[in-house]
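Participant: Summarising the annotation, TrEMBL assigns Ca(2+) 1 binding site to 40, 42, 44, 55. What TrEMBL records for 129 is substrate binding site. What TrEMBL lists as heme b binding site is 159. Annotated Ca(2+) 2 binding site per TrEMBL: 160, 212, 220, in sequence order. The disulfide bond annotation in TrEMBL covers 87-289, 166-199. Taken from TrEMBL, the feature domain 'Plant heme peroxidase family profile' covers 39-293.
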C-alpha cells in the first residue's frame, strides 16, 4: 500500500462526505444490522492489547500488515472531518482500494459502520477458518456467517495475493499424520521446493511464503489453477477441490474470463461487508484506530 490510495485532499473529503451521508441513511444501507449483537466488521483487529490479548496478535493474524497505513489514513480524515469516519469503514475502503491497486475489481462499499470496543484473540481463533480446515469445517464456518459455497470459492480467490508463515502449513510438509510424513494431497514437486527454499525446518515460524508464487502481486485466476495442480498452500485451499460443487465452481471460473471473476468476487465482497455491522448507537467512532476512546 502507498499514499497514492489517498492522492489528494479532494479524495479525502469524498471519503468523509460519503461516510457522513451514508451514516444518516444507514437504515437503508444496513437494514438488519442494528438487530445483531455479535462483533463483526467493527475494526476490532486494529485495537492494541491491553489487559487482554487482542485480535491482531492471534495466530491467524500474524501476517496481517498495514496497521501504520490505516493509522495514517485515519489521521488525515480526522484532520478534515473529526469524528465522522470510522476505522471500520476505513478498513473496508482501503481493502477495496488495495485490491484495485493489484489490478483487481472495484466494488461498492456501503459506509456508516461504527467501531467496536472489544478485541479478543480467542475470538479470532474461533471465527477465522483455520488453514487446516477440511471442507465440512469451511462450509459450516461460512454458512454461520450467511455465506454459501460460491462465496467460499470466490473469497478464497483473494489468496492470489496472500502470504503465510510456514507454521500455518508445515505439518503438510513434515508431520501430516504425526509420524513424520508428508500430505499426499500436496504435489510432491511443490512440497520439495517449499522444503528446499522456504520452510527448511518443521519449526520455522518466521519465513513468509507467497500463496500464489510468481503471481502474488497480481489479482488474477492463477490461484485456482494451482488448486487443480494440487499446489494450494493450505489444507483449506486443497479442501476446495474435495467437494464436487466447489470444484465445479473453480472449473467454471477458469473457463470464464478474468472480468467474470472480478464481477463475481465483487459481489461476494459486498455480501461479506454486511456481516454483523455495528451502526446507530452501537460502538463508537474511534479517534485513534488502535485504542478505544477514553
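Yeah, the Cβs are placed from backbone N, Cα and C, and that goes for glycine too.
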Participant: Neighbourhood of the Ca(2+) 2 site (160, 212, 220): other residues with Cβ within 8 Å of the Cβ centroid, in order?
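Facilitator: So the extra residues in range turn out to be 157, 159, 161, 215, 216, 218, 219, 221, 222, 223.
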Participant: Mean pLDDT for the domain 'Plant heme peroxidase family profile' (39-293), as a whole number?
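Facilitator: Overall, the domain 'Plant heme peroxidase family profile' (39-293) comes to a mean pLDDT of 95.
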Participant: Would you pick out, from the binding-site residues 55, 159, 220, the residue whose Cβ has the largest number of other Cβ atoms within 10 Å?
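Facilitator: Answer returned by the neighbour count: 55.
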Participant: Over all shown protein chains, what is the count of other CB atoms within 10 A of the CB belonging to residue 44 (Ca(2+) 1 binding site)?
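Facilitator: Neighbour count, Cβ to Cβ under the 10 Å cut-off: 23.
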Participant: I'd like the number of other C-beta atoms within 10 A of the C-beta of the residue listed as 'substrate binding site', please.
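Facilitator: Summing over all protein chains shown, the residue listed as 'substrate binding site' has 18 other Cβ atoms within 10 Å.
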Participant: Among the binding-site residues 44, 129, 159, 212, report those whose Cα falls within 10 Å of that of residue 87 (disulfide bond); none is a fine answer.
Facilitator: 44
Participant: What subset of the recorded positions 129, 160, 166, 212, 220, 289 lies within 10 angstroms of residue 44 (Ca(2+) 1 binding site) at the C-alpha level?
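Facilitator: Of everything listed, what lies within 10 Å of residue 44 (Ca(2+) 1 binding site) (Cα to Cα) is 289.
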Participant: When the Cα-Cα distance from residue 289 (disulfide bond) is computed for each of the binding-site residues 42, 129, 212, which gives the smallest value?
Facilitator: 42
